[in-house]
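Here's the structure we're looking at; comments come further down.
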């Protein structure tokens with residue numbers, strides 16, 4: 001009776017017998033590994049085993065001394081070689097794990113000297129200790145003693161300990177796996193675990209270290225990465241196929257022909273002159289941007305405060321990374337380049353779509369005609385708000401003189417702003433027409449221009465906020481200083497602390513008068529400050545939402561997400577195993593499958609950095625600034641302390 005089960009393990013190594021219990025979490029599989037061979041209820045069903053899939057046993061050409069329990073011998077066999085012709089097994093032996101990673105099957109006829117010379121050349125290129133690990137017998141005849149003996153004798157030519165032999169069991173669809181250890185004095189009964197793996201997927205996948213290292217140790221991660229690195233580093237071995245004219249014929253995942261694309265190869269050839277031209281143009285643009293003329297005060301201030309200039313500089317850095325002739329050193333740098341390229345491509349495509357919509361059916365003219373009435377409506381609403389504040393807002397009794405002064409001051413600014421808007425109205429359509437052309441640089445550039453336009457159109461609201469905040473902040477700090485005067489304290493500027501101080505009667509009298517005046521004028525100033533602060537926060541929230549969309553487009557690793565969706569095995573987080581066959585007297589046979597990285601971890605791992613000019617204040621710091629009347633800027637200040 002046979003059964004099959006699945007055991008998922010996001011583990012990262014193939015340790016010995018004791019560590020396998022922690023790696024494979026399925027209870028049935030753990031019982032199969034730990035239980036004696038006579039356990040019948042946990043044996044998988046043969047119908048779940050693939051045709052031609054090997055089963056394993058242990059045979060030795062030695063006498064019969066007492067046997068003791070030994071380590072688990074793991075043989076990683078590529079599933080693409082199950083139907084290969086007879087030959088020898090090429091791979092890497094990992095003694096720390098008692099594991100053999102089979103990479104290819106080398107077929108007859110061959111000359112041993114040429115095979116050894118070829119393996120030495122491969123070792124020099126790949127820095128992987130590749131050798132002949134054993135023999136592979138795929139003879140369809142029931143008894144082929146001459147071939148079996150010849151394959152055993154190859155162990156004396158290609159000396160390797162242990163010598164692995166995989167052969168067919170007569171008419172059975174299973175295979176027999178045995179090991180020969182001629183130089184060992186301790187005859188231990190070894191358990192052989194045959195693990196099938198998809199060589200193409202393991203070759204193309206990139207194993208990511210676990211983000212949470214509490215569950216998986218670094219040692220286990222290195223054990224699984226050793227297997228993946230062995231297959232990935234043997235790329236030179238997979239470049240030879242069965243159609244080559246050389247003396248060596250092998251079977252592996254590319255034995256029918258090297259996997260390639262004509263379109264990709266043509267794009268690689270065409271990208272070289274394109275990158276050279278782009279690098280030359282970028283060097284010119286960088287030289288202009290770094291010139292001294294742009295470092296003087298007005299231009300340097302605008303470059304640092306306008307989000308459009310910041311986004312253009314950010315995209316210029318991205319173009320320099322893509323057009324760089326320096327080859328990516330590792331998988332992380334390669335994925336970063338690919339993510340930047342796809343992000344730029346999609347950004348420009350969305351910008352061109354926006355530009356086509358703007359210039360279709362005179363949409364820019366409609367926007368220009370709508371902009372002036374909207375600005376007039378906003379100005380009228382602000383005038384009504386100021387008239388309400390100059391009366392008795394919400395039934396509050398305000399200071400009449402200060403209320404009238406502040407109200408007329410702000411009404412005059414609104415009158416100036418309306419005059420400025422109507423003066424610019426004949427040129428607004430032309431300005432929008434040229435601004436729409438900037439969408440060809442990308443949707444993010446167009447969004448940043450929109451954010452700057454909103455900042456310019458609401459500049460009068462920003463001025464109101466600054467005036468109200470300065471008056472409110474002056475009174476708050478004046479009241480706090482006079483309150484310390486009543487308590488016999490003062491602020492020590494040099495030592496940045498509060499010290500004791502003695503005041504005479506005149507100082508206390510003047511302080512009392514000033515404290516009373518500021519205290520009774522505070523409600524009027526605080527009301528204006530509160531109203532204009534809310535208006536300013538509304539504008540900042542709108543600009544913040546626009547910049548969140550810009551940061552999302554800039555930082556989202558679109559190529560990695562698409563790769564995770566289309567070819568999930570390329571981004572591996574670990575492996576999982578499925579039990580294929582477990583029979584009495586035969587070893588365990590497993591199928592290794594790649595466990596892909598989750599979408600959240602993909603975004604977290606390959607997220608691109610952004611310029612993010614907005615300050616990252618905590619809620620406590622923001623509330624403190626609002627209460628004290630400190631200005632809230634939509635950009636970072638030099639020397640500003642971020643909490």
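Note that the numbers count up from 1, one per residue, in the order the chain is shown.
Here the Cβ of each residue, glycine as well, is placed from N, Cα and C on the backbone.
What TrEMBL lists as transmembrane segment is 270-289 (among others).
Among the features that TrEMBL reports, transmembrane segment is placed at 340-359 (among others).
Per TrEMBL, the feature transmembrane segment maps to 405-424 (among others).
What TrEMBL records for 431-458 (among others) is transmembrane segment.
The transmembrane segment annotation in TrEMBL covers 464-486 (among others). Within the chain, the transmembrane segment (464-486) has long-range Cβ neighbours (under 8 A, six or more residues past its boundaries) at 409-410, 413, 498, 503, 507-508, 511-512, 514-515, 518-519, 521-522, 525-526, 528-529, 531-533, 535-536, 628-631.
The annotation transmembrane segment is assigned in TrEMBL to 507-531 (among others).
What TrEMBL records for 537-562 (among others) is transmembrane segment.
If you look at the transmembrane segment (405-424), the same-chain residues 6 or more away from its ends with a CB under 8 A from one of its CBs are 372, 375-376, 379, 382-383, 386-387, 389-390, 459-460, 463-464, 467, 524-525, 528.
Sequence-remote contacts of a segment are chain residues at least 6 beyond its ends whose Cβ falls under 8 Å from one of its Cβ atoms, and for the transmembrane segment (340-359) they are 315, 318-319, 321-322, 367, 436-437, 439-446, 553-554, 556-559, 562, 608.
Among residues of the same chain six or more beyond the transmembrane segment (537-562), those with a C-beta under 8 A of the stretch's C-beta atoms are 307, 311, 314, 335, 338-339, 341-343, 346-347, 350, 443-444, 447-448, 450-451, 454-455, 458, 461-462, 571, 599, 602-603, 605-614, 632, 634.
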